[in-house]
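J.: I am attaching a structure below and will ask some questions about it afterwards.
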Amino acid sequence: MASIISARQVLRLPSGIRHFSSACLRRSAAAAEVKRLGVVGAGQMGLGIALVAAQKAQVPVTLVDSSQKSLDKGIAFAEKLLAKDVSKSRITQEQADAARALLTPSTTLDDLSSADFVIEAVPEIPSLKFDIFSKLAQICPKHAILATNTSSISITRIAASTTGGNPTDTTNSSRVVSTHFMNPVPIQKGVEIIAGLQTSKATLDAAVAFCQRLGKIASVSADSPGFLANRILMPYINEAVICLETGVGDRDAIDAIMKNGTNVPMGPLQLADFIGLDTCLAIMKVLHEETGDSKYRPAILLRNMVDAGWLGKKSGKGFYDY
């Protein structure tokens, strides 16, 4: 990938950033030895990532969220999932207890000062992510990988927020990468790894290695709007919504033909409900605005449903009632 900076290339950069190569090498070696993971955001994605790390990699996880209520809800959900696994004999009670003991909730980013790898999983609000990464660059150890779970925002832009206004100093921006997990994290095997323009090869390799420790299958894509997964998935969902709003088929027919005709586990409208219609709309807006291509224009019905607060499963109503 042309955007990846190799350790050898770094040695030929201006003297002000030559020290970066040794940091990259330490970063690559540290990936397989991540001793503490930090996860920012205790929502469905963040909690899922934290739980998988505790179970599969058996690594201590500091789960950070600004809301104590969100943390309490997330930890309670983790305990529920672990109890379900025990009841189905997937794991023993001892394994469940060990995984739960590895999860430490916190309301302050400062508690990530000892993390070797941090994954941000907050809502798709660019300013929020930029602010978090700016702080992480100062709080986390210099060897730590700073990863985002963004599904649509440019990794290059997120990485630029760590430079403190000096874009020529890639010490921090070179350790920023995307680890885009699929929902629900405990079930879906795929993880999309995306490198920004500044991301070093050592950082990319470290991200792939750590995701493999979590039992995931990594696919690498370029820093382009929507990346791979959502560049393909969201127009598919959006077209299904257009088919519904224009009367090409009703809800049940649309979902049934895709399930029974293409062997997908759920139809596009049901899938949209599970993802969140607000999330689908946000990603379609990014695709439309950043590519300028009219084929990515969000369906009017999708916009209207979000305006109505019908966001899918999380709100109790979407294309289906929950």
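Glycine too: its Cβ is placed from the backbone N, Cα and C atoms.
Sharing the record's features from TrEMBL:
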type    : residues                                                                                : note
BINDING : Gly41, Ala42, Gly43, Gln44, Met45, Gly46, Asp65, Glu124, Lys129, Ser151, Asn183, Lys314 : NAD(+) binding site
DOMAIN  : 37-219                                                                                  : domain '3-hydroxyacyl-CoA dehydrogenase NAD binding'
DOMAIN  : 226-322                                                                                 : domain '3-hydroxyacyl-CoA dehydrogenase C-terminal'
SITE    : His180                                                                                  : site 'Important for catalytic activity'
J.: Whole-number Å only: compute the distance from the Cα of His180 (site 'Important for catalytic activity') to the Cα of Met45 (NAD(+) binding site).
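T.: Cα to Cα, His180 (site 'Important for catalytic activity') and Met45 (NAD(+) binding site) are separated by 10 Å.
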J.: Helix, strand, coil residue numbers for the domain '3-hydroxyacyl-CoA dehydrogenase C-terminal' (226-322) per DSSP?
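T.: Going through the domain '3-hydroxyacyl-CoA dehydrogenase C-terminal' (226-322) residue by residue, I get 66 helix, 3 strand, 28 coil.
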J.: Taking 10 A as the limit, how many CB atoms besides its own sit near the CB of Met45 (NAD(+) binding site)?
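T.: Other Cβ atoms within 10 Å of Met45 (NAD(+) binding site): 22.
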J.: Rank the binding-site residues Gly41, Gly43 by the number of other Cβ atoms within 10 Å of each Cβ and report the first-ranked residue.
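T.: That would be Gly41, with the most Cβ atoms nearby.
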J.: Neighbour count, 10 Å Cβ-Cβ cut-off, for Asp65 (NAD(+) binding site): what number do you get?
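T.: Neighbour count, Cβ to Cβ under the 10 Å cut-off: 23.
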J.: Can you give the largest Cα to Cα distance in Å, as a whole number, for the residues Gly41, Ala42, Gly43, Gln44, Met45, Gly46, Asp65, Glu124, Lys129, Ser151, Asn183, Lys314 that bind NAD(+) in the record?
T.: 22
J.: Relative to the Cβ of Lys129 (NAD(+) binding site), which residues of the same chain, six or more apart in sequence, are found under 8 Å away?
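T.: Once residues fewer than 6 apart are set aside, Lys129 (NAD(+) binding site) is near Glu120, Val122, Thr148, Thr150, Ile153, Ile158, Ser161.
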J.: Averaged across the domain '3-hydroxyacyl-CoA dehydrogenase NAD binding' (37-219), what pLDDT does the model get? Just tell me the whole number, please.
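T.: On average, pLDDT over the domain '3-hydroxyacyl-CoA dehydrogenase NAD binding' (37-219) sits at 96.
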J.: Same chain only, sequence gap of 6 or more: which residues have a CB within under 8 Å of the CB of Asn183 (NAD(+) binding site)?
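T.: Result: Gln44, Met45, Gly48, Phe274, Ile275.
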